Amino acid sequence: MKTLERLSWISLASTYLLLVVGGIVSATGSGLACPDWPLCRGQLIPPLEGPVLIEYGHRVLAALVGLLVLSTAVTAWRRRRRIPGVGAAAGVALFLLLAQVLLGAVTVLGELPVEIVTAHLALGSALLVILALMLILSRVPVTQRVPGVPARDFSALEVDPGRPPPFWPLAATGVLYLEMILGAYVRHSGAGLACPDLPLCQGEVIPPLQGLTVFHFSHRVGAILVAVLIFLAAVRARDALREQPFLSVLPTVATVLVGVQILLGALAVSSRLAPLLTVLHLANAEALLATMVFLSAACLRPAVLKPPVLVLEQQSI
């Protein structure tokens, strides 16, 4: 495993963990346990108990993740001439990292404004996507050569000319990301129980669309749309990847995760937003987002995700 690939894996996993821990902070109401920044209650290391332990642990983990992402981005930048696209991904990752740090400070100092908290999660999820893309790019075998293909041009490698662009996986991924942002707004605006019943909303198929009900009901409609798009993406991807045993499991994983996501959403409402269920709802959504990024990449270019094979260039005798 190459250095960049290893760093990308570690950064991706740690960023996912950080997002889940952020969900724990929100679900337990620990967001203002450290009301100042960058210190916590005026101390570098405060008394670690109760909500302070949760929020301070989140900050420490965020610092570690920041260092990992920085190391990954620097390593990727150094390889930008050998791996097309990885330099741009590194630049975006650094921008998102800086924006996350600033938003984290504003979130605390502004006493958790809904829009800022939502943007904080949106940028965190975007960073997860970029790190997944960086991992995908890091798997391109840079020594691979094919007759007639320049050393730095991998556009002609193992791409079926008859394979259509992965419209459905890309569309499903984009809509899923927007649905997650809406879900974050629903959670932090207090709209989580605006529709306290299931499967109806306030006893009606279409409730009066006013106040917080608009956001909650839109989130439910969005969930149906995401489920349909991911199902269509999985069907198309299963056909596209039928000859790729290593990748053919991705459509099934995506389908299972979206089903689990809907179930967790329903349980969260029926339990009146039990902390464990709201955290699991977020964790599953982030896992689904990463899966859809991998699925889209697999449909676009299976050679990027499957174990690399060295192809030697034939030489004339």
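Placement of Cβ uses the backbone N, Cα and C atoms for every residue, glycine included.
Curation does not apply to TrEMBL; its annotations are automatic.
Remember, it's a predicted structure, so these values are computed and weren't measured experimentally.
The transmembrane segment feature in TrEMBL is assigned to 57-77, 89-110, 116-137, 217-235, 247-270, 276-300.
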Paired segments the transmembrane segment (217-235) and the transmembrane segment (276-300) in contact, 3+ CB pairs under 8 A: yes
Highest-contact recorded stretch vs the transmembrane segment (116-137), from 57-77, 247-270, 276-300, CB pairs under 8 Å: 276-300
Tertiary contacts of the transmembrane segment (247-270), as residues 6+ beyond its ends and Cβ separation under 8 Å: 192-193, 195-196, 198, 223, 226-227, 230-231, 233-235, 237-238, 241, 277-278, 280-281, 284-285, 287-288, 291-292, 294-295, 298, 302, 305-306
Spatial neighbours of the transmembrane segment (276-300) far in sequence, C-beta under 8 Å, 6+ residues away: 12, 16, 19-20, 23-24, 26-27, 125, 128-129, 132-133, 136, 163, 165-166, 169-170, 172-173, 176-177, 180, 183, 187, 192, 230, 233-234, 236-237, 240-241, 244, 247, 250-251, 253-254, 257-258, 260-261, 264-265, 267-268
